[in-house]
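Accompanying notes for the structure given below.
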Ligand code: PGA
């Protein structure tokens, strides 16, 4: 059985003070969670969130990192820096990073390898645009993105990472994939993992859905057999909403 994982993606929101406040409000609301609970926050909030979350079941995540260990990469952060700041998870290849910061499947692969080598758990994002879905490319595209991102990892490493299926057209738009659409495409991603790494690895890897997931639709999505969690943007910025998603089973 795969343990569900609900992760918040705060994106470019919250100052350290606001971050501390949000985590303090969240703690009592999610302390009895049956799933893994992660908040992926801006790097300036690592210290505040690590301190506020100490001793709780809330784990700290980042939203990006560089694949090199150190060097002349102005503005970038290494996996070791994240680790030393209490970070355990890192979102890689989010569609906003691909769209606005020119990330490619190849750089997502380099980052995934570096994150795993440093002991971080990557949350690797894949997903199609509306035009790609309408053209019928969704399955081929998500399978390709998945295969490239995981190239060079062992099966043992792959089964510990997290993949997030995020249809680009559903992110921040209020449009959610239907439960069945999300389940079906996550099934395609799981098959791509099986083809490359075998059935056991595919059965163990956790694959989240992301894209306008909220307290209202979380239950339906999470009841789908292929969906092991959620990557939550907008609804992760309010403690009550995020806690309701965490308690999707209610
Ligand atoms: P959203 O964002 O929940 O606001 O659609 C999800 C994401 O981008 O990870």
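Residue numbering: from 1, along the chain as shown.
Cβ from N, Cα, C; glycine included.
Because TrEMBL annotations are produced automatically, they should be read as predictions rather than curated entries.
Residue 94 (active site, electrophile) carries neither a helix nor a strand DSSP state and counts as coil. For residue 94 (active site, electrophile), the same-chain residues 6+ apart in sequence whose C-beta sits under 8 angstroms from its C-beta are 9, 63, 64, 125, 166. Taken from TrEMBL, the feature active site, electrophile covers 94.
If you look up TrEMBL, you'll see 166 marked as active site, proton acceptor. Of all Cβ atoms in the protein chains displayed, 29 besides its own lie within 10 Å of the Cβ of residue 166 (active site, proton acceptor).
As annotated by TrEMBL, substrate binding site applies to 9, 10, 11, 172, 212, 233, 234. Taking Cβ-Cβ distances under 8 Å and a sequence gap of 6 or more within the same chain, the neighbours of residue 10 (substrate binding site) are 19, 39, 40, 41, 42, 45, 63, 236, 237.
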Show, in sequence order, which residues other than 9, 10, 11, 172, 212, 233, 234 on the same chain lie with their Cβ within 8 Å of the centre of the Cβ atoms of the substrate site.
171, 232, 235, 236, 237
So if I draw a 10 Å sphere around the Cβ of residue 234 (substrate binding site), how many other Cβ atoms end up inside it?
18
Neighbour count first, Cβ atoms within 10 Å, every protein chain included; then name which of 172, 233 tops the list of binding-site residues.
233
Over all shown protein chains, what is the count of other CB atoms within 10 A of the CB belonging to residue 9 (substrate binding site)?
27
